[in-house]
Every structure is written in structure tokens, then in C-alpha cells.
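What Swiss-Prot says about this one:
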COMPBIAS  106-120  compositional bias 'Polar residues'
COMPBIAS  155-168  compositional bias 'Basic residues'
DOMAIN    262-435  domain 'tr-type G'
REGION    271-278  region 'G1'
REGION    296-300  region 'G2'
REGION    317-320  region 'G3'
REGION    371-374  region 'G4'
Amino acid sequence: MSKVRIYEYAKANNVQSKQLIESLKSMGVEVSNHMSAIDEETLNKAKQAGKPAAAKGQGSTSNQKQNSQNQRSNQGQKQRPQNNQQNQGQKQRPQNNQQSQSQGQTKRPSQASNNQSGAAKSQAGKPNQNRGGNRPGGQGRPGSNNRRPGNNQNRRNHGNRGGKRRPQSKVNHQQMPLPEKITISGSHTVSELAAKLHREASELIKKLIGLGVMATINQELDKDTIELLAADYGVEVEEEVIVDELDIELYDREDKEEELKERPPVVTIMGHVDHGKTTLLDSIRNTKVTAGEAGGITQHIGAYQIEHSGKKITFLDTPGHAAFTTMRARGAQVTDITILVVAADDGVMPQTKEAISHAKAAEVPIIVAVNKIDKETASPDRVMQELTEFELVPEAWGGDTIFVNVSALTGEGIDELIEMILLVAEVEEFKANPDKLATGTVVEAQLDKGRGPVATLLVQSGTLNVGDAVVVGSTFGRVRALVNDVGRRVKTAGPSAPVEITGLNEVPQAGDRFQAFEDEKKARQLGEGLMARYREQNLTASSKVSLDDLFNQIQQGDVKDINVIIKADVQGSVEAMKGSLEKIDVAGVKVNIIHTGAGAITESDIILASASNAIVIGFNVRPDVNAKRVAEAENVDIRLHRVIYNAIDEIEQAMKGALDPEFEEKVIGQVEVRTTFKVSKVGTIAGSYVTEGKITRNSSVRLIRDGIVIYEGELNALKRYKDDAKEVQAGYECGITLDKFNDIKEGDMIEAYVMEEVKRA
């Protein structure tokens, strides 16, 4: 049976600890003090055994109280005339004045004797003991001083504090039972939790001490501690869900199944440069747009619709992968289907691999369009073979990826491609509710001189009407005009329809969500709140995953897997590093390789890393100038290595939280080799121009050719004209020789850097 401390049992059962201890000792139970732990059955027996003694004690106590009250009342009757003499400012009866003087003089010795006897010790020794007239039998008399704040009523209660106030406080606790459930949001202080549980804070502090937690009344308690305390009282804890009133998604109601209707699919075309993406788009548009529309003035708004066999398809004309990734980075899932364009004569190229990585990261179906099959050098089978390496296996070979051979120039295969798009859309069952306020995403936005802010919107659900109040990202306004993809004004736009709107107060960003409202006042209020939040967010840098704080984010539950982009000088190194990283599994956190490639780290790699919250690992390669600039702006972590085991060990140690302080490389300058001179006994002298920063005599250098590190070491000599130089600033020419290396060519880049010791966060 569970044991309970004596003082806790006494408090819960409204008995005195002293009585319980005496009863337990009389029963032969060894008890040291009130903190001793005894089983409840023994305490119940001790409580029953102690009842007669307690009753007797209460009787004697009541007799003593009665005697003391009688003595006070006698003294009050004898000494009451004295009050009239002291309260001279009040009305007095003349016949009592003389009596009060004589009686006051005659009764003082008896009063002194009563004070010494101890019948009224709390009142006798004070000079103003008789000023108050609130004693028993003395209320309502003319001489009583009821208006004085510190009268004898308070003094009497103060004297009886031990006998009256404690039982009264216990009664109050019994009147406030424990709640069945409490609601919390975040952490609470001990006093706040005590108020919710209808208990004293001191009681909670004692329980916390029992749990090994030393807490004060104002100390914050976390959720786990609150749940432990509540469970001890048998109270259920419910966590309050904090609703963000500025979240646009809250204003989009859920659709019922019977409200959903079929909508056109939204298609994005991606692929390598010069593989015919734009030509394919133009071919689809020219063959499928009706003659009447084709004859009119077509306004390019970044998206357009075609109709085939009575069904519509929406195409997004996004310029390259950057816009696609930027929109996805902003949380916009716009695309339903991705068409991967691959030239039959070129095969899989670097940007093709990037497009595959982007499409897979967005988790959308991929249809491969093998373009340029009209060329003599076309080899569609080679394209299929190369794409199997990226898990894109043709249906003819037992896979699930649709391959279509097309020619954008001749129009061959265009109809089949469109039919395949409609087939995938039918299988995926793209649906939306057209009978509600519109929601969707910004495709493009710009500031027009004549019309002001102009935004191209893709309606994803509901119907947008002219005159609707809309909130677009952190901007707001009323729709003044709707223009469709062929430049005609329309009054409404349904699901999957691209339209251009005017009437916003500012230019939104691509990828922003929009929501239509019936109440313009509500839209304005929400838009202003979002604008204020957007400005605050711009002041704080966005949080990206980096190896320095990776372990902390894992501990906090912010990171469940690590997205990694691998770039190396050769494909063999890429495969080796990929295989080693995929085997790492620390603390249940998995390494997820989202993109690999051979060659220098480019701007598109950084954009993909930013969108996917990934870390870029470079092996024997360097980022180009644009990649460095974007990485710095987007706070993308780039890790460069020359030894493959160092890269693997660094990630593994970061996941374990055991990274040591490191030396961080700081690039101080870029130098371009413009000419070379070969001198006997000296070697090759590089006639160079400092394009950025500076180069110093004691700095380390690396020679980069076409993004590949050729040499890494020290300077042998740095000269300006014929003189040795300690450093050369940007905009000046200099002569450079490298230590034990002479294979320098025109166009090479020399990167100067120093190593600075830093401590990891």
C-alpha cells in the first residue's frame, strides 16, 4: 500500500499532525516527526483512535474560550463608562461623566490585576485598549468609536487568529474543487498553474520538491512538468491551439466532396537550355489556340490555356528553373504535371538533371517529351537509357514514366503529348470547388506605368470576380479589371484559370498566396497586418540549416532529415560520396541526397538548396561568383573539401553534436591570369590583374580553371613591376609565381584566402 507523509494526511483529513503522532505512538508505531511516511491504513486507525481525545480537547478548549469571554464581558461592563471619558469629541451624557471618573479610578487596580492574571493578555498592555466599542454587548452605544479604521474589532480578530482563520481557509479550499481539465498554452509559472488547479502555490512547490524540481512561485514550468503535476491531481491537460489570425489559409473553408468539380491541369515545361522548351510551347499554343484568338493581339502574362477535345489545359510559362524553385520555396504548390523536355540528339544534360531534381522535390508527375526527333542524329532510345539512371523508366520497359517523341518544328507528336497530359490528369483526378471565394497563387507581378501594380494570378479554387476584395501576399486591394491570357477582359475566372488583375496597393511577389473576401474592410485589415509582419521578417535573417547548429535543431525536433546537394570534380567522386553519406544514420536523422552533379557549384545549385533547405557539399570544386553572392543572400551553407572522408566525418560529427572549433576559410581576393611568362630557373610567371579584394604575400592561394581546383598552395613571389609587394589591391596588376607549380594558363583564376579560427555556435 502506498505510504503518505503524516502532515499531508493530516492536512487532507482536517486533523492535527500532533494528534496523529500521539495516536501512532500509543499504537506502538515508531514515528520521528510529521515528515515520516506511514501507510494509509495505519493512519486511518490512528485517526479513529484519536477522535475521543480530540473531542475532549475541543470541549476543554470551548470551556476556556467561554470563561475568557465571560471575563472580557465583565471587564467591559465595569469599564464601559471610561470610554465616554476618553472619547470627548463624541456626544456624552452628563450623568455618566462623574460616574466614569470615579469608577475609572476605583477600577484601575482591579484592571491591573486582571491584566496580570492573563485573561486578556492581547489587549491589557495597550494604552488604547478601551477605545473600541465593538465588544459583545457594546455595539450601537454612543461612546463606541466604530468609524476608526484600526478599532478593537480588528484587534479581537488578531487575538483569535489561531482559532478562527485557519479552519475558515480550509473551508474555502473545499469550496473550490479540482477542475476536470485545464487548458495551457506554452509554459506557465507556478502561481499561474496553482490558480488553474485551485490550489495554493506552496502546495505545488512541495510537490515539485518531491519530484526533484526546486522552483519558486514565479518560475516557469515546461509542458512536461505541468502534465506531471496535473496527473498527480488527476486533472487532464489540454494544450491550447494558438490561431494565427493573419494566416490567409484560415479564411479558405474546407470543401465537401459533393462540391468538388473537375478542373483543368496546370502544366510546367522544364529542361536544358536549347532543347526546345520555348519552341514546344509556341507549337502547342499556335496549333491549339482558336483562329479568332490567334488573330487578336495576344498579351503574354506568363500563363495560358488551350482546349483539346473539349477539355482545357493550363500551361505556366516560367522562365527557367529559378522561378519554379522560388515559387516552391515560398510554399506555393502550383504545378500539377511537369513536362521534361530532352533533345533526342543531345541526351541528358546538366540542366536536365537539375530539372529532374526540382520536379522530384516538388513531388509532381513527370512526362518526358523527347524533342527534335526530326533530326538525323536523333536517338530516343539513348535518352530513355540515360533517364533510367534517375529512376525515370519508360512504360515500354516496365516502368511508370510516360515518354512521348515530339518535334516542336514539324508539330509531330504534339497531339499525343496533349492526350497524355489529359490522361495523367484523369488518373490524378484534379478537382476544385468553383462555388466559393477564390484562392490561388501569384505567377508573375510587375509595376506598369499606366496601370500601377499588375499581378498574374492562377486561380486554384473558387471563382474570382471583378470588384472582389483580395489579399495578395502582404498586399491588398479590389479587383478593378480581369484580363485573360489572350488579352480580353473577362468578368469571372474559375479554377486553373490564369488572369491578370489590377487594383492592388503594391506589387506582390511570385509565389504569394491570394484570398478573395466579401468584406473590403476585413481584407484591408488583414493586408495591413501582413504588411507589418512582412517588414518585421525582412529585418531578421531567414533560418537555414547549417552544420554549425545542426545538432541543436535535431535536439529541438526542427530537423528530421538533412537535405544535401553534392558537387564534385568528377562523377566517380560524386558516386563515392553519395554512397557514403546515405549510410550515415545518427539519432534517427537521415541524410537525403536531393541533387548531385560534376562541375563547379552554380547559382542554380544554391537556388535549389535554398528552396529545399539543403546543405551544399563541394569536393574539389569551388562556387562561382554568382553562386557565392546568392549563397550569402540566401544563407545557404556551403562546405568545401579536398578529402572525401573529411566531408563524411564532418556531417556525422555535426549530427552527433561533436564538432570542434574549426579554422574557417576567408577569401580575401580574386586574381585573373591575363598572360604568362616562362623564365629559366624561375618558372612560369603569371601576369595577373586583381579583380576583387586583395592578394597578400603570406596568403594561401588556389588556382581554379573552369571551376575545377588545379592547384592549392602558397605564393612563391608577389611583385609589382620589379619590386616585391606585401599586398596588391583590386584594380592593380601584379606578377605571381606559385610554389612548385608552373602549369599556369591564361584565363585561370587565382583565389587568395586566409584561415581564421572560429568557434562553432
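Keep in mind that glycine also has a Cβ here, set from the backbone N, Cα and C atoms.
Source: prediction; values computed, not measured.
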Self-check item: Long-range neighbours of the region 'G4' (371-374), counting only residues six or more past its ends (CB under 8 A)
Solution: 275-276, 279-280, 341-345, 380, 405-410, 412-413
Quiz prompt | Mean per-residue pLDDT computed across the region 'G4' (371-374) | solution = 88
Quiz item: Which residue counts does DSSP give the region 'G4' (371-374) for helix, strand and coil?
Solution: 0 helix, 1 strand, 3 coil
